[in-house]
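Feature list (source: Swiss-Prot):
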DOMAIN    10-207  domain 'tr-type G'
REGION    19-26  region 'G1'
REGION    60-64  region 'G2'
REGION    81-84  region 'G3'
REGION    136-139  region 'G4'
Amino acid sequence: MAKAKFERNKPHCNIGTIGHVDHGKTTLTAAITKVLAEQGGAEFTDYANIDKAPEERERGITISTAHVEYETANRHYAHVDCPGHADYVKNMITGAAQMDGAILVVNAADGPMPQTREHILLARQVGVPALVVYMNKVDQVDDEEILELVELEVRELLSSYDFPGDDIPIVKGSALAALEGRDDNIGKDSINALMAAVDAYIPQPPRPTDKPFLMPVEDVFSISGRGTVVTGRIETGIIKVGEEVEIIGLKDTQKTTVTGVEMFRKLLDQGEAGDNIGALIRGIKREEVERGQVLAKPGSVTPHTEFSAEVYVLSKDEGGRHTPFFANYRPQFYFRTTDVTGEVVLPEGTEMVMPGDNVTLAVKLIAPIAMDEGLRFAIREGGRTVGSGVVSKITK
């Protein structure tokens, strides 16, 4: 039989399974592909193939991640599943696998466990917009009351991390039953109910072109007779010739007008997210703009120097530091296209941070950077990456 090609005519969404070790994340991932394969929306991927996820290196960090894809009647999904807890931490902090939403898997017999909490906290810190819960292994619990208690506990836990615990859909079932094709009421039916909840509850992410215009500046040229050209890859939005933009970061914010957009030496009327362009800007001298700043739609983003962040510190094996760092550590923070020196404030009660740790840090930069919550960065020492982080809260 010829392999059916996925038609990309449905909206696309990136999701993943999160939760405590052995609560059934990988079994659930396999079960989703099995149930949807029967409906023509996936290729079945068995447990073993998801579990032996290949190692990938993302910005020098070793992460094992399995990727499967499938579709429901409404959407096309790319789904990530990680074999180990450390892989989740790294994945969520580096944004190696962007998640527009996640399925939190909780074993009904155990209830929430330490990594359940940690994954919910990480999801909150790195800005995963929505969670749906799958209460797994319900056939191992005889007492309906216990299921109700576990559900209550999960909802309270979600609320304590600022997720809408009362509203989040919780689907009960057995991923193994679905995978083995038995007990449809807790097997296949629960998978269909879960996917319906994911379709309905996880919001469709805005396309990059629908967001406000932002382009990190990579290079600046002066073209005689024409003026100053800045080059870079448009991160989000659309820029049309004649529109006003702000130049933000490192120095005081300046306003200018884009008088020309060119790509591959051709003049265009507009550039959009993903395009590598040169933008001709009016009335700005070459020395007034530099790499590390951004061009952005006026009012859409502001420069900041102080923030807190969720950070993963590379282990020695990953080429990171061999020794811990302490309070007043001053590395470089690499945002988009440039390094800015910053000072680290450790959380209350933390004396030092070891290679391989993940930690919440407060940072004070010596120069402002255009940032929003959710912005990713690398921590570097003399050009070598020693950590990866995401802005979780802007303080100044």
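Please read every residue number as a count from 1 along the shown chain.
Here the Cβ of each residue, glycine as well, is placed from N, Cα and C on the backbone.
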Please work out the helix, strand and coil residue numbers for the region 'G1' (19-26) from the DSSP assignment. 2 helix, 1 strand, 5 coil
In the region 'G1' (19-26), averaged pLDDT is 92
Write out how many residues of the region 'G2' (60-64) are helix, how many strand and how many coil, based on DSSP. 0 helix, 4 strand, 1 coil
